Every structure is written in C-alpha cells, then in structure tokens.
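Below you'll find the structure, written out as structure tokens, and then a few comments.
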Amino acid sequence: MDMGKKTKMNLGKTAVLLLITLAVYVVMKALLISSILSSYWGLVLDQALITTIGALGLCIIYGFSGQFSLGHAAFYGIGAYAAAFVSKTYGHGSMAWFLLALPVGALTAALVAFLIGLPILRLRSDYLGIATLGFGIIVKVGMDNSNRLLPVLGGATGITGLPQVAGFDIIFLCTVMTVLLTRNFVQSSYGRACTAIRDDEIAADIMGIDTTRYKVLAFVFGCALAGLAGALYVHRYPFLHPSSFDFLKSFDFLLIVVLGGLGSMSGTIITSIAWVFLLEGLRFVLGQQFLEFRGVIYALILVVIILLRPQGIFGGKEVSVMAPPKAIPASGKEGPHADPGN
Amino acid sequence: MPILEIKDLSKNFGGLKAVSSFDLTLEENEIVGLIGPNGAGKTTVFNLITGIFPVSSGSIKFMGQDILGMKPFKITQLGIARTFQNIRLFKQCTVLENVRTIFHPRVKYGLMDSFLHTPRYSAEEERITEKSFELLKTMNLDDRAHLTAANLPYGDQRRLEIARALAGEPKLLLLDEPAAGMNPSEVGTLVEMIRFIRDHFNITILLIEHQMGVVMNVCERLVVLDFGEIIAAGLPEEIRNNQKVLEAYLGKGVVSA
C-alpha cells in the first residue's frame, strides 16, 4: 500500500507553488528596489494583488458555489471602512494596529455576510443577484451618510489622512495566504459540497448536503476575503471614498471571475492582475487626449473574449500547481483514460 | 422491524389527487418494484419519501422513526438514497468527485483541517478516495473516474447515479427508472448489478421501472399504481395476469376484446 503517497503529492504541489511565489516575490522586489518598476507601477501592482484577493472571494461564492452576487464591492467597502475606523481612531500609523485592522476588516465583512446571507441565500440566480445588488446600494448610501453615525467615517466626503502602512510585502503575503486557503478549501470535502450545490442544488440537498449551511459558509468566506482586500486597500491608498465601492466595482469583480472562467482559481488570479494592468496600461497607451476611449476599448475586449470563449479564459480548469493531485486508488492501477485537466 | 412503513399516504396538488391512501411496507433486504402507467404517481411517492414534497396526510416511518416533515438532506443522512428519472449528476465535476462529494455528511475532519490540509485531512481524503473507487468498480466505472460526468454516455450516467447514491451508505435505495435509455445488453448487466448491490451492501431496494424485462427479472414483489391508488400488489407472476393491471396498461376495451 502507498499510504501517504497522495499526502506527499499535495505537499509537493504546495512546495512548488510556494517556490513560484517566492521567485515572483524576489523578481518583483528587485524590480521595485532598482526602480525599474516605478513607484507608480508599484502602486498598480499592489492594486492588482488586492483585487486578486477580493476576486478570489467572489470566485468561491459564484465560481465554485454558484451563488450569483452583484454586491461584492459592498463587502470590500465594509472591510475597508471597518479597518479605516480602527486605524484612524486608534492606530495612527502603528504597525500593530494595522495588523489588527486587517482581521477586523475581514471579520466585520464576514459577520455582515452571515447576517445578510441567511435570509437572501435562499433565493436563486437572478433573484439573488437583485437582492445582493440592492444590498450593495444600501451599503453605498450608508457610507455616504456614515458621518451622521460616526463623524470619523467622513460621509460623502470620504476619509483622508489614513496612515499608509501597507506595503508590497504584506500585501503579497496576504495574497499568497489567500491563494493557499482558497485552494485548500476548494479541494476539501467542504469545497466539494459547495461545488455540488453549484451544479445541482436539488440533487445536493437530496444526496444529504445541508445546502443552506454551505451556501452561507461559502458566502461568508468569500466576503471575508473581500473585507481583507478592503482593509489592505485603505492602508495603501491615502484617500477613501464611498464611490470606490459602488456597484460598478462589484461588476469589476464579476467580470474578472467570469472572464477568468467560473470555477477556476488560476483564471481568477491571472485575470485580476491582467485586468488591473490593462486598465492602467491603456491610460498610457492612449495618452491624456484619448483617455475616454478606454471605456470603449476594454468593453470591446470583454465582448471579444466572451464571444471567443464563453466559458472564460480558463473554462473551469486549473494550472497544474493549483489543481488537486490526481486521486488514484492505493490498491489498484490507474485507469486507461488520460487526465482531461490542464 | 420493517425498513419502511408507509400508511395511508396521500398527496394532493390543488384538486388533483396525485397519491391517495397509499400503503407500503418494505422488509429488510427486499427488492420491490413500483410500477404503473405514466402519470400514476410513482415518482411522487419517491418525492414524498425523500421529503421533496410535503405530505398531505398519512405517515412514513423509516426504521421505526417518523420522517414526515424532515428536510431532504436529513432523511438522506438517516439512510435513504435515491436516483432520479431525469438524471441529476453534478455535471461539471468528474465521476470520482460526484461520488466523493456524498461522503461529506460523515467526513471526519473539520473546516480548519480543510483550510490547513492537516494530516487528519489527508488520511480521511485517502479513505474517501479508496471507498469511492470501490463503489465505481462495483458499477464498472472505475476506468472513467477522471472524466467529467456530463461527458459520460447515458447508461454510464445512470450507473454513476447509483454509485453516488451508494456512497451515502443507505439502508434503503430508491431507483427511479434505472434502465431508461439503456440498450438490452446494458439492461442485462444492470439486473445483475441490482442483485449484487442488494446482497453486497445488504440493503433494501424499491424501484420504479417501465421495462418489464427488468421488473419481472429482479423484483421479488410488485406494487401497481394507477391514478394514485394501488390497484394490485403481489408476486411478479400474479401481477402479470392480473386483469386490473392489464386494463390499466392497455385500456379496458383491449383486454375484454
């Protein structure tokens, strides 16, 4: 028997994944230090990583559990505001308070997701989309008027003077952790329960899976990641404004997850980064004069991709390091059929 | 104690009586067929047992326990598994994942083990995979474990549904037209499989089927339903010559002519 063989294979994949991330980190760090990558592009890079964290959250909710959410930016915003509140009130730029503000952002978003998820997750597809869209609008209006509750939150004028303590290192670390946690969750029995709900909710229920419970679990986990992304965001960009969290931002996340391919973490990660760099890149390519064309061009790219690959760029597949090790029976040989994945 | 005891079960959809005064008792290790013309209410009976529809009146006891009003997933966790007339696999998942998913309610690791992939996670995943392959082997699907379920031929999909149902370690298995869309040779294998499953897993099987070849071959007892009511019950050879049954299937004029 080869007990533990699969364990080793999975550890092997994790090791490769960590090696790749380490290599990426070293290269990026070198580019930043040597100023080949200007501080402006450093900022774009950080934004890309933060977007990746938030998008992986939606990837869990929509891509793997099939729960159509149009309010993801609301949880991104809730995390941002909760973390901003902690840093602005107590932190004043201290690293310890910043490190505390991160879980506060994630947990606040998770708590709100739990409370709102219980009643609305019984809705299906389009109806759930409308409910989450409505929730997003409520949150946005709440932020616009937040100064009536807590003056420090600034209301429609936003918050300025937040301590910029988040750097590339911590953002990169959070991204890697998010990728690992997401991958581990998806490859567990809990992840399989979520995927079963996505594929056929009635069948999942009748086959013994508590669908309400796992829909809420996926929603809470995904929203917690959005909250974490928001908490990082406010410590990297000095100006916090409610308009950063309106429903257009929710569409950004949705576009990334759908373009990357529903049910593909690799697709979500790569599309997040490509998307953020594409938007900034267009700004340069077009120049100030033609900036308005940006909207047309990226809309055109969207239409072309979805026409050519309606299943998304990755179409539910994963790159090898993100894919689960191929399960084989310990006792027997492999089947004659080739692995259809990657 | 009987495995399943249904008494005076009725279900109305508005004014339509889909099932009325239905009685059925299943003993351990039986294979019983539920037959009747289209629209007789057979699948409705399955849906009532598994808790998809609320019951209008009557009682259903599973191993002595009243299961009326329980949620479908709870009923399944007690030990009733089923397949569907219109196949309902987890289509985008592989054959293996379809089976592995069903081990979830009895999985021996928590959410934290999932996030961190602890040794407990690895050991349990290995056990689940091993057991899943056993089930796939039973249903002749182990060489297709890594194919996407949606890409399987029809007959394989039906057998995968049975493998998936067995992963829930049921005491009672409800099969809804398991032979539908299968060719004669597949049907022959299926009959063998149904007997093997009953003996090997020591379970009771209730099946709905239109193919008389399957029904007469594998069922030890038959219950005939027409317009929601039981019109006959007994051994296959008794049912074969039952006047009422022939009338229900073929029409009154044909039989008396």
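Cβ from N, Cα, C; glycine included.
Remember, it's a predicted structure, so these values are computed and weren't measured experimentally.
Now, the feature entries from TrEMBL:
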TRANSMEM  A:39-61  transmembrane segment
TRANSMEM  A:73-90  transmembrane segment
TRANSMEM  A:96-120  transmembrane segment
TRANSMEM  A:127-143  transmembrane segment
TRANSMEM  A:163-182  transmembrane segment
TRANSMEM  A:216-234  transmembrane segment
TRANSMEM  A:254-279  transmembrane segment
TRANSMEM  A:291-308  transmembrane segment
Below 8 Å between Cβ atoms, which of the listed ranges A:73-90, A:96-120, A:127-143, A:254-279, A:291-308 makes the most pairs with the transmembrane segment (A:216-234)?
A:96-120
Stretch in A:39-61, A:73-90, A:96-120, A:291-308 most in contact with the transmembrane segment (A:254-279), if contact is a CB pair under 8 A:
A:39-61
With Cβ-Cβ distances below 8 Å as the criterion, list the same-chain residues six or more beyond the ends of the transmembrane segment (A:127-143) that contact it, or say none.
67-74, 77-78, 81, 116, 120-121, 153, 155, 242, 245-247, 250
Under an 8 Å Cβ to Cβ limit, what residues of the same chain, 6 or more beyond the ends of the transmembrane segment (A:291-308), are close to it?
255, 258-259, 278-279, 282-283
